[in-house]
Each structure stands twice: as C-alpha cells, then as structure tokens.
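Before any comments, here is the structure.
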Amino acid sequence: MGSHSVEFSVLVLFLVSFLLGSTSAEKLCSDNDGDNGCFRSRVLAAQRADRVKELPGQPPVKFRQYAGYVTVNETHGRALFYWFFEATQNPSKKPVLLWLNGGPGCSSIGFGAAEELGPFFPQNSSQPKLKLNPYSWNKAANLLFLESPVGVGFSYTNTSRDIKQLGDTVTARDSYNFLVNWFKRFPQYKSHDFYIAGESYAGHYVPQLSELIYKENKIASKKDFINLKGLMIGNALLDDETDQKGMIEYAWDHAVISDALYEKVNKNCDFKQKLVTKECNDALDEYFDVYKILDMYSLYAPKCVPTSTNSSTSHSVAGNRPLPAFRSILRPRLISHNEGWRRMAAGYDPCASEYTEKYMNRKDVQEALHANVTNISYPWTHCSDTVSFWSDAPASMLPTLRTLVSAGLRVWVFSGDTDGRIPVTATRYSLKKLGLKIVQDWTPWYTKLQVGGWTVEYDGLMFVTVRGAGHQVPTFKPREALQLIHHFLGNKKLPTFPF
C-alpha cells in the first residue's frame, strides 16, 4: 500500500473511530489485521490519548486540538511537550506550521499559544476563562507549538545531567527527533507542506532546525522525510555584532538613552569582539538600567505595575531581572505577578502573562492537556529558571540563512518596529551584512486602508516591518500578523496599495 493510501486510510479510520467512540485499539488491532491494520490501530490509540476534549473555561469550537508528550531520547527519558490545533477550516488541505519561542528557556505554549497567535487566551478571572482569539493562526494552518528544550514548561528529562548539556545543537536535534516522531503519531499530516516560524532567540532555533531537516532529508528514509517548504522569523537574534550595534543605536535614536551614554557605549564596546572589557560591561549595565522603568520589548506599551495594596514583586518581573549584556542569551519579557494592570486603547494587557501562569498551573488544566505527568517540583513558568546554562550559541546565524536561501526554501524575516531588544535597526544591519541582492527596495504594504509596514524583497528572502508592533508582533498587531502569515504560506507579496 502506498504512503498516501495509508495516510488516507488512517484519516478515515480516525474519523470513524470518533463516531464509534467505544471501539478499543485492542479490538481494532487483531491477529488478522496484519502490520498495516495494527499500525492504524496504534496511531488511532495514540491520537485518541492526546485528544484535548475541552479545557476549563474554553468557549465552544469546531476544530480539534491535541496535546501531550513525544519522546526524543528513550535512553535518557527525554520528552517534549506539544500542543496542536487543527486548522479552523479544511485541515486536510492546510499546511502544518510549527511555532517556536526563544529565550533560550522560554515556552512557546506560554507566549506563542496563550498570548500571541493561538486560539485561546487566558483571562483575568476568579474562575478559569479562555477568550477566543479572532486572529488565531490556525485560521491559516494546522498549528503546532513545542516546549523546547527539556526543562522548559512541561518538557522533561529523567537524566538530570541533560540540563547541563543544553545548547543550540541539542535543542535542534531534539526538536528534529520530536518532529520525526510526531509525524509518526499524526501520519495524516506527513505529506502536507511544513513550515517553521518563531521569534527572538528562535532566530537561532528556526534556522538551525530548518538546516538540520534539510540535511537529514538528503539521507532520511521515506518514513522520516519532513516536507519542509520554508521558515519565517520575527525580531530575531541573528548576528551578535549587528544585533548589539542596532540595539544601542535604536535606543539613542528613540530618546531612551542620553548622548553621553550612547557615546560611552560606543567608545568602550567593540561588538565585533567576543571578549567584553570591564569598561564595556559597565557602560552596558548603565544602558540596561534604563529599561528597568520601560518595557524594552515594546517601547511605548505600559508595564504591568503593582497596586498600592500589593507592592510585592515577582522574580519574573522584567524590570527586576538582570539583563545579560552580551552574546544576547536573553529571555523574552516576563510580566509581573501583581494584581495591578493597565490597558492600552487597543486592548493590549501588559499583565497577560500573569493570567497565563495562573491558568497553566491549575491541576484541571494540566489534566485536560495531559501535561505534567512527572509532577515537576516547580511551578510552570513562561521562562525556566532550570535552563541556566547554555553550551553553544553561534555568534552569527547569517551563514545558516545563506545555506537555506541557496537551498531554495522560502525565507521571510519580519520585525515589529517598537521593539527595543532586537529592534528593526538591528535586523536591517543584519540583512545588509547577509549580502543578498535587493530585488525591490523599501515598499509600503497595507492592511485595508492603513500602512501595515514596509517590505524589502531580496533575492531569496523577504523582509517585512510591522508598524507599531513590539517584540511579540502577533500580540500587538494581531490583524497584521494574521495577514502576514497568510501571505507567507501562500507565497504571495503583501498588498502595496490600500484595499
């Protein structure tokens, strides 16, 4: 039987099984079924075990969702946690999109799924309550979120020394093993076009995983082949030199730091060098101190602040967490665990992460998600304090991007233009350093009657700015972000005229 026939049979059996409901995998997998029959039964049982029927406080939806663990190293007992949402319409025809957040050490469930582009957002309520996101990316694709590496969120290892060996290489390999095994669990999606997207330190994760898939596909068996078509990264850490240079320049240009501090950093820091002098560190400490009173990740957004009756602060308050000054292994913004909050006119809630952590630590939520099966000894958090060591991180991802462009993969880079951590200035410097030929220079793109941002089309790469968005573009500009992913997946240019 051909692979497409097997996948079709699995999908049909899957649908029939839900109609029958009571049929067990053991009954379906009899001695007379043969290898294919038992394979279908095992797949069916695994999918049924991961099916999320309903979450506490969830509004009714018509799409299916799944969550659970996929083992990536049996010897060490390493398993990564995922959450998967079928597309709202025609999931059998839509691509599969994997979303990764950065850190390193931060959860794609907490940021990506629950606060940016997933279908459900936890709300501030005494009882569990989820709000349906009208701009969820599962309107465009079958949407997969992964907590990676182990030690992040609900992902775990039974070998404690694994935590001390984490780095870019291990993360890419484990994520690749996850995908190979996940597609075995969901073979009906194996022939679909597959894309990877992410933000921040996923500027490392996404290209490295894409390159590993590209290389492994050359030697992989048919059952392990991954149908990778492209990648998209936003406000991405790409190159140490240009990222640091652009970060300082953006802060000065946007009136965050003084002339004197700007000149002090430029005088004492050579961002081309790996070693940092004491004078440079001192200057950068002064620079990061400024962001204790501002949201570095969205320059014009309010911070989550404590009320006068509850002035206690959390270890995860961005303003109170030391900010690494060099080599940029920096966790995305964490929000205060305080009751006080303010809202922007557009509805952005700077304390959204507080609601997410409260929701994800509920026992009934974890049971519904088939999560925390090992009963981890610490609460679920957006960014893991367990991941405190990082063994390898290349100074530049530009060589990897060149490889992927040369391989013919679709590559898009986007940038929210109010992010101070990996600002649009830094990304523009990085792409200039990449050295690709410009096909169409600085061009406005539109979302209805308004300018959504600007594009630069390179030979093999598309650069898109998103006007008024911070580090987490889908959080601040959800409509524009959904438009962006639709056009990326459709391989279409963004509209250059109002509509």
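Each residue's number is its place along the chain shown, starting with 1.
Every residue gets a Cβ built from N, Cα and C, even glycine.
Over in Swiss-Prot, the protein carries these features:
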type     : residues  : note
ACT_SITE : S200      : active site
ACT_SITE : D419      : active site
ACT_SITE : H471      : active site
DISULFID : C106-C383 : disulfide bond
DISULFID : C269-C280 : disulfide bond
DISULFID : C304-C351 : disulfide bond
CARBOHYD : N73       : N-linked glycosylation site
CARBOHYD : N124      : N-linked glycosylation site
CARBOHYD : N158      : N-linked glycosylation site
CARBOHYD : N310      : N-linked glycosylation site
CARBOHYD : N372      : N-linked glycosylation site
CARBOHYD : N375      : N-linked glycosylation site
SIGNAL   : 1-25      : signal peptide
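A 10 Å cutoff on Cβ-Cβ distances gives N372 (N-linked glycosylation site) a total of 18 other Cβ atoms nearby, all chains included. Taking D419 (active site) as the reference point, the recorded positions whose C-alpha atoms are within 10 Å of its C-alpha, out of C280, C304, C351, H471, are H471. Each of the glycosylation sites N73, N158 was scored by the number of other CB atoms within 10 A of its CB, and the lowest score belongs to N158.
Among the recorded positions listed (S200, C280, C383), C383 has its Cα nearest to the Cα of N73 (N-linked glycosylation site).
In three-state terms derived from DSSP, N372 (N-linked glycosylation site) belongs to neither a helical nor a strand segment and is classed as coil. Closest in space to C280 (disulfide bond), of the recorded positions given as C351, N372, C383, is C383, taking the CA atom of each residue.
A straight line from the CA of N124 (N-linked glycosylation site) to the CA of C351 (disulfide bond) spans 9 Å. C269 (disulfide bond) has a Cβ environment of 22 other Cβ atoms inside 10 Å.
In this structure the alpha carbons, written CA, of N372 (N-linked glycosylation site) and C383 (disulfide bond) are 16 Å apart. All protein chains included, S200 (active site) registers 30 other Cβ atoms within 10 Å of its own Cβ. Other Cβ atoms within 10 Å of the Cβ of C383 (disulfide bond), summed over all protein chains shown, number 24. By neighbour count, meaning other C-beta atoms within 10 Å, the densest spot among the glycosylation sites N124, N375 is N124. In this view, D419 (active site) is surrounded by 31 other Cβ atoms within 10 Å of its Cβ, with every protein chain counted.
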